[in-house]
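Undergrad: I have a structure I would like to understand better, so I am pasting it below and will then ask my questions one at a time.
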Amino acid sequence: EVKKLLSLKELKASLESKKTTDKPGGGDANSLSQQIAAQGEKVRQLKSAKAAKDVVTSEVNTLLTLKAEYKKLTGQDWSVQPQKPAEIDNKDVEALNQSIVSQGNKVRQLKSEKAPKDVVNAEVQQLLELKKEYKKSTGTEWKPQETVSAPSKQNSTAENSGGELVVKIVSDITAQGDAVRTLKSKKADKVTVDKEVKVLLELKKKFKEATGQDYSPEVAQKILGTQGNVGKNSKSSGTIEETLPPEAQKKKPAAKENIVEV
């Protein structure tokens, strides 16, 4: 009986040792997973290079053998491990945003100056590359004048941030209004004008989101408390309503008498 008991204990110890060795996710499984990933990449490169069929087939068979070993070891089919997305650095994204804005302005200026097509195309290509990099970093398409801030600052208002955001938006609205008027004065094609008007409307939408009010030079003056600067910009650039298509313009109220100029 004692001999039988010792034999059973040895068998139990042997089984427990086997379970520990074959436990999924161990060092061998991880190493095998890396080999499968590398072999898969090798097969893809051979296919893209249009290698000989027998060469590709040989490498594919090696890949299948590795996957079979993985399943035998872990009890599961091998699958690609999803990569953890890198954390977004708000400073880098904001720098990208500014680069896109600057490059967009450069492209518009070249077009308005009727620069050679190859020069414009080169700058447009650079703009597209910047937008592609932005999407890669954020996972979203770039939008005009999009501002990126840390989550802890998402609820900050123009007041507690010194009104810098509103000042920037007002400045952008003024500049965009000038751009639209320039295009109209040069009788640019309707598609180009409409595109720039759309950007202008997006900026006005940003202004309303930041302040809770529709944009007008007077409203901007009251919010910013900088009547001199904003008034000067608005006076030199005209009102934003004048840049919109006729159907988007609001009817102006009749002028009131005895208005005191400021």
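The backbone N, Cα and C atoms fix where each Cβ goes, glycine too.
Got these off TrEMBL a minute ago, pasting:
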COMPBIAS  146-160  compositional bias 'Polar residues'
COMPBIAS  225-240  compositional bias 'Polar residues'
COMPBIAS  248-262  compositional bias 'Basic and acidic residues'
DOMAIN    28-84  domain 'WHEP-TRS'
DOMAIN    92-148  domain 'WHEP-TRS'
DOMAIN    165-221  domain 'WHEP-TRS'
REGION    15-37  region 'Disordered'
REGION    136-161  region 'Disordered'
REGION    225-262  region 'Disordered'
Undergrad: Count the residues of the domain 'WHEP-TRS' (92-148) that DSSP assigns to helix (H, G, I), to strand (E, B) and to coil, and report the three numbers in that order.
TA: 43 helix, 0 strand, 14 coil
Undergrad: Over the domain 'WHEP-TRS' (28-84), what is the model's mean pLDDT?
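TA: Averaging the confidence scores along the domain 'WHEP-TRS' (28-84) gives 88.
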Undergrad: For a three-state summary based on DSSP, what are the helix, strand and coil counts in the domain 'WHEP-TRS' (165-221)?
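TA: Summed by class, the stretch gives 48 helix, 0 strand, 9 coil.
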